[in-house]
Amino acid sequence: MMVSYKLLSLITLLFVAQCTTGLLKQDDYVVRPDLLPGISSIKDKALIPKMYAGHIPLNLQKTTDENENTDESDSNSNTNYFFWKFQHQSVESPNLIFWLNGGPGCSSMDGALVETGPFRVDKNGKLYPNEGSWHSRGDLVYIDQPIGTGLSTSAAIPNLLDDLKEVSDNFILFLENYFTIFPNDLDKDIIIAGESYAGQYIPFFAKAIKEYNQKISDNKKKINLRMLLIGNGWIDPITQSLSYLPFAIEKNLVGKDTPDFETLLKAHEKCQNKINSISEDDNSFSHEECESIINMLVSVTKDNSPNVKSNEVCINIYDFNLRDSFPACGANWPIDVSHVAKFFSTPGVIEALNLNAEEVPRWKECNYDVLNHLTNPVSKPSVRLLPELLESGIEIILFNGENDLVCNNKGITDMISKLTWNGATGFSDKVQKYEWLFRDLTKDTEEPAGTVTFDRNLTFISVYNASHMVAYDKSIVARGILDIYLDNVMLVEKETDSPDVLISTNEPTFSDIEEEELDGEKEDEKDGVTEGDGEKSDTDEGKDTDKGKDEKNDDDDDDDDDSDDDSDDDDDDDDDDDDDDDDDDDSDDDDDDDDDSDDNEKDDKSESETKTHPKAKIALLLLLFISVFGITGSQALRQRNFQFRRAPLTSNSFSSSSSPNDPSNWDSNDDFDFDIENDPLPSTNNKHKAAKKKKDYVSIPSDIDESFELAEI
């Protein structure tokens with residue numbers, strides 16, 4: 001049954017009228033899935049989450065005792081933050097994850113529809129399931145902030161903020177009013193996650209939450225902040241700027257033969273000299289001498305040869321294996337962002353999200369006015385906040401795609417090496433290190449996923465073959481980052497000197513894993529021992545159990561969606577299809593969706609028919625570890641889950657190989673006229689190189705708008 005746009009508009013106007021009264025209820029934000037394009041084509045309705053969306057006014061009501069005696073800032077008058085919440089249909093999660101994209105000024109709908117949310121968007125602007133969605137591990141809330149970002153609005157435009165302190169205050173106002181509307185969420189464990197410039201937002205917001213908890217009256221529930229999750233974060237501008245040239249040399253992006261290489265060296269030296277001259281009372285957030293290095297690096301790596309395609313002129317700063325047009329150099333990437341824009345411009349979508357189409361701006365990924373205003377004349381970089389947060393007991397996970405240039409691994413590891421917290425500087429001699437594998441239970445395959453380093457509440461995860469947007473490249477693998485925090489991984493403890501191994505999988509929900517494991521243990525107790533002699537029966541052992549597992553695996557195969565590979569498929573087809581996107585009619589779109597569904601059914605059927613017996617899988621897994629990692633025959637999976645708080649490994653348990661970040665390993669550093677300190681951490685890139693596949697250059701379609709300035713962080 002179709003709902004007219006006029007009726008939707010009327011409903012939305014009534015909704016907005018309620019906003020000003022402070023009487024909003026949870027039911028006012030319910031999203032009807034059938035009003036969103038593409039949802040009706042999803043055959044497995046269990047993949048469609050509960051959804052809530054809309055504007056939450058920052059001045060909805062004063063909810064703290066302290067605010068009752070303070071004048072409300074005019075800047076928050078008629079200011080509304082847009083949020084979109086996703087909740088699993090059948091799993092009641094104890095976790096609530098707030099996701100923030102960076103910029104500053106970039107919409108968190110990137111996270112919702114390109115990275116970690118339950119849906120991706122195809123080239124026709126229609127939703128389809130994201131197999132690696134994080135909503136199976138916790139409720140997800142994506143927020144467009146600060147003012148001027150995405151679908152958030154303010155009547156006081158251009159009332160843009162210039163300091164992270166103000167941005168943090170507004171976030172607390174949002175949380176107060178969010179928890180007024182969703183009071184049960186205050187009982188959940190809160191995780192604040194995000195990427196890029198969210199490396200500034202998240203620590204500042206965490207500090208603001210701690211201060212808020214201290215101020216509120218005893219009869220009010222505190223916000224139970226448990227963990228911060230920062231992907232490819234921009235946290236320490238000075239240290240990270242100094243990482244650009246050494247990292248580019250390490251990855252063979254530049255060298256002595258690069259034109260204007262000497263200019264790069266001088267720029268690096270100029271940045272270092274500026275830092276050396278900074279006084280202790282200097283309040284600068286960043287320095288132009290250092291920020292200019294990335295622009296210069298992009299400039300000297302341009303390919304101006306006559307035969308080069310216009311969309312392959314310069315390096316993509318978010319994935320150095322890719323190319324882009326100049327001066328975008330990554331701003332046109334990923335192509336899926338254009339699909340998101342098409343989704344939000346589809347008639348009826350804005351109204352379905354409980355917004356008034358006449359009052360919200362046309363959605364765009366990033367607002368550069370927000371970026372230009374947020375200069376932080378008062379606040380200092382968030383790296384200064386990390387020690388206090390770590391010492392307060394909050395877990396912090398920093399995860400990085402290893403192919404990112406703008407917020408690269410070296411910058412993060414150098415920052416950690418200088419950080420002092422919980423009685424030591426950098427990772428201590430009690431640091432725990434792991435190799436990380438991802439196991440696809442559907443395809444019965446494994447692949448190296450990255451490395452994990454943990455010490456004193458801080459975890460650093462390097463993700464193999466991933467970009468600045470880890471969950472975009474490695475959707476289902478990236479969900480393993482949450483599984484590592486939730487102890488939802490297998491641990492293989494090794495008796496050799498190499499690190500232990502963590503294994504994450506594509507199990508759809510955490511509860512499914514626990515239920516399957518418990519059922520297996522019960523069946524083992526029931527069928528594994530015969531009456532009378534107490535010995536196992538080879539003929540009867542596990543018959544019913546194996547049958548049940550086979551049926552479950554078949555069900556999982558049918559439920560699993562192949563959409564995790566969509567980014568590569570879309571990118572491969574974009575050059576041919578983009579010109580036709582606007583001409584596609586509804587019937588063609590529906591046919592495409594039906595064809596895709598049929599193909600997925602065939603793939604699922606084929607995989608189901610060739611499914612390996614569960615016990616054979618375990619045997620193959622153990623053989624793999626024995627052959628590849630040198631595990632002794634007596635060694636097995638010693639525990640199903642692991643905890644970082646277990647007894648630390650000894651320092652001689654790790655590889656002593658030198659780091660590629662060490663300048664002594666650079667082929668082109670003989671003539672350098674500056675010193676770069678050795679990276680104190682072992683290499684995160686020296687494992688599984690034979691198994692890693694380097695991407696080919698992927699061209700961005702030439703018809704994409706090239707009017708962007710050099711991509712922001």
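Please read every residue number as a count from 1 along the shown chain.
Using the three backbone atoms N, Cα and C, a Cβ is placed for every residue, glycine included.
Features reported for this protein in Swiss-Prot:
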SIGNAL    1-22  signal peptide
TOPO_DOM  23-616  topological domain 'Lumenal'
ACT_SITE  Ser196  active site
ACT_SITE  Asp404  active site
CARBOHYD  Asn457  N-linked glycosylation site
CARBOHYD  Asn465  N-linked glycosylation site
ACT_SITE  His468  active site
REGION    500-612  region 'Disordered'
COMPBIAS  512-522  compositional bias 'Acidic residues'
COMPBIAS  523-552  compositional bias 'Basic and acidic residues'
COMPBIAS  553-601  compositional bias 'Acidic residues'
COMPBIAS  602-612  compositional bias 'Basic and acidic residues'
TRANSMEM  617-637  transmembrane segment
TOPO_DOM  638-713  topological domain 'Cytoplasmic'
REGION    650-696  region 'Disordered'
COMPBIAS  651-667  compositional bias 'Low complexity'
COMPBIAS  668-678  compositional bias 'Acidic residues'
COMPBIAS  686-695  compositional bias 'Basic residues'
What number of additional C-beta atoms lies within 10 angstroms of the C-beta atom of Asn465 (N-linked glycosylation site)? 20
Count of other CB atoms lying within 10 Å of the CB belonging to Ser196 (active site): 27
Integer average pLDDT (0 to 100) for the topological domain 'Lumenal' (23-616): 84
Validating a neighbour-count step here. Other CB atoms within 10 A of the CB of His468 (active site): how many? 29
What DSSP gives for Asp404 (active site), in three states, is coil
